[in-house]
């Protein structure tokens with residue numbers, strides 16, 4: 001009911017294999033102690049603090065940052081993302097949904113999902129947890145919740161400081177919809193984050209990710225890369241007085257797995273991935289990835 005067009009049929013043997021791989025990968029620790037922070041090589045412990053620093057720096061200008069990085073198109077992508085999920089408690093049912101928006105500090109996806117459920121399905125009961133590792137982003141989200149929405153004093157929404165790779169305060173099999181927008185590429189261990197998404201979702205729950213991705217048209221990609229590497233850091237310096245954060249964000253997009261690879265990682269976590277598993281937006285500048293926990 002949550003996502004139109006999704007089928008729950010799949011080959012059981014393939015699903016069991018995916019679950020087995022997920023469990024095995026969760027047991028085996030990566031022996032490497034380094035990872036990437038943009039194009040830099042840093043320790044895994046250091047990356048978490050560096051990413052926190054980036055988003056503390058841009059928290060109050062987060063929408064401006066996304067406007068610069070996407071030339072304003074991120075607002076259309078987010079609206080499409082929310083409409084594609086089409087999530088909400090349907091009329092005639094009595095089971096509210098439990099939403100979880102990870103790396104959702106400023107709340108735009110969370111508020112949009114609740115608004116969609118209310119306006120389309122008259123759903124005023126479903127709940128939302130906004131989880132983010134960065135307290136400055138959460139503070140900005142809570143401020144916006146009070147100032148800009150009707151959910152400010154509502155028990156239906158909570159903001160929770162959490163590492164998206166572990167979500168240790170979120171119970172197993174407790175959420176109906178897990179969303180993450182422009183956040184998962186900043187994880188130190190992306191596969192661990194996907195495995196955790198699988199853990200916290202209920203059977204039948206939907207994983208949905210909106211992320212900057214890779215353009216497959218060479219001409220468009222040339223223009224996009226020129227804009228990204230030549231203009232974005234400069235605009236970050238001129239508009240937000242923060243060149244370094246924008247330089248990292250551009251580099252982090254290039255380091256993120258390509259669409260097919262990331263869809264494979266979603267499968268490895270145990271999810272059923274419908275079709276090819278993703279939808280390209282604006283020539284692949286961004287993509288939506290979907291997985292279902294059967």
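Cβ atoms here come from the backbone N, Cα and C positions, even for glycine.
Keep in mind the model is a prediction, meaning the values are calculated, not measured.
Positions annotated as S-adenosyl-L-methionine binding site by TrEMBL: 106, 132, 163, 164. All protein chains considered, the CB of residue 132 (S-adenosyl-L-methionine binding site) has 27 other CB atoms within 10 Å.
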Quiz item: At its widest, how many Å does the recorded S-adenosyl-L-methionine site span between Cα atoms of 106, 132, 163, 164?
Solution: 16
Quiz prompt | Neighbourhood of residue 163 (S-adenosyl-L-methionine binding site) by C-beta distance under 8 A, where only residues 6 or more apart in the same chain count | solution = 48, 133
